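Trainee: Just dropping this structure here.
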Amino acid sequence: MRFTALASAILPLACNVLALPAKTGEAPKLDVSLSQVDNTLIKAVVKNTGSEDITFVHLNFFRDKAPVKKVSLFRQRYVIPLHPHFPALTSVIQPTELPFQGIKQRFRTEGLTEDALTVLAPGESIEDEFDIAATSDLSEGGSITISTDGFVPIATGNKITGSVPYSSNELSIEVDAAQAASVASAVKPLDKRTKVASCSGTRSSALSTALKNTVSLANQAASAAQSGSSSRFQEYFKTTSSSVRTSVAARFRAVASEASSTSSGSTTYYCTDTYGYCSSNVPGVHLPAYNIIANCDIYYTYLSALTRTCHAQDQATTTLHEFTHAPGVYSPGTDDLGYGYDAATALSSSQALNNVDTYALFANGKFLLSREVDVKYLHTT
């Protein structure tokens, strides 16, 4: 089934008063120390190096029990001689990031439960051990470089109110191929009987509406990225480069194309939690290795179809968020480098281009669903 026109109009959303990125020089900072425990078993020590208490959201971060991406893995850079008699003639093989085979979660920005939060006093630290072979194929063995950096959301009460930067050392390890191959994958594809499950009832209706809204949001965001306000694009992507604008627009168009049909495309979209990774804080999960998306219960109970609030979450931008993650929609898929407006707008241009929430925020910050017949322009930025 292909979707056509929306019953409602998508209009520019007024975000006239822009929140400023966090002044990360004045905020606490998290230092991550990575070490090898045994072959692919890694330990992370996360320390608050600032001078004040910090409460951060540990979903998609260290302490999360789900198989989320905590570090990036790279095959090490090396040099290949091209001629035995001319050592100066070499070919340099640059590091390549290994594909992540775990899950990525979108979590709510308000109403977070206590079990999603970690509090660290100045100088205090937490430890987390995890096996990188459970979420990446390391059966080839060899030299691997491990590191992580980005921004983690901080919370006041149960609401995300800012972000703090974190970074780690660069850890190089030698992986034993046989041991790595013996580690069970954290996520396995569903069997065929489960994959044929389909949406029905109110959830089917809600997802159909979300997909229609996603098509309109993504198409209009593509136009705005390609030829809209340069200052607005700069706000989110930290550049006005024509090549970057073209790339962003292409990803939005790919999302619109993917959302336009429920009978074809690169992703499989489930109305319910097929893997058991949902929680009261998570409206949706994505499995990038399999291009699978699944909605959680609070997608339907907590999120509106399309918000009227700038940079707030809703069903449409959550669906857009998940499609933006998927490498099958547009390769490479995006990562979770900065969550929420504060963190996303603190990223560099290259990071923003690879940050899933930057796309959702740009689409949400630019447009608004209105049931009015007359289209009114709300702002001219």
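Placed from the backbone N, Cα and C atoms, the Cβ positions cover glycine too.
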Trainee: I want to verify the bond table. Which candidate from Cys271, Cys278 sits on the other end of the disulfide that Swiss-Prot records for Cys296?
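Mentor: Matching partner in the record: Cys278.
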Trainee: Looking only at Cys15, Cys199, which is named in Swiss-Prot as the disulfide mate of Cys271?
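Mentor: So the cysteine paired with Cys271 in Swiss-Prot is Cys199.
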Trainee: When you measure from the Cβ of Cys199 (disulfide bond), how many other Cβ atoms are you left with inside 10 Å?
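Mentor: Counting Cβ neighbours of Cys199 (disulfide bond) within 10 Å gives 17.
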Trainee: Around the Zn(2+) site (His321, His325, Asp336), what further same-chain residues have their C-beta within 8 angstroms of the site's C-beta centre?
Mentor: Lys104, Arg106, His286, Glu322, Thr324, Thr334, Asp335, Val356, Asp357, Ala360
Trainee: Enter the number of other CB atoms within 10 angstroms of the CB of Cys296 (disulfide bond).
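Mentor: A count of 23.
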Trainee: Using C-alpha atoms, which one of the recorded positions His321, Glu322, Asp336 comes nearest to Cys271 (disulfide bond)?
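Mentor: Spatially nearest to Cys271 (disulfide bond) by Cα position is Glu322.
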Trainee: Among the recorded positions listed here (Cys296, His321, Glu322, His325), which has the Cα closest to the Cα of Cys199 (disulfide bond)?
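Mentor: When the Cα distances are compared, Cys296 comes out closest.
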Trainee: Out of Glu322, Asp336, which of the recorded positions has the smallest number of neighbouring Cβ atoms within 10 Å?
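Mentor: Asp336, out of the recorded positions Glu322, Asp336, has the fewest neighbouring Cβ atoms within 10 Å.
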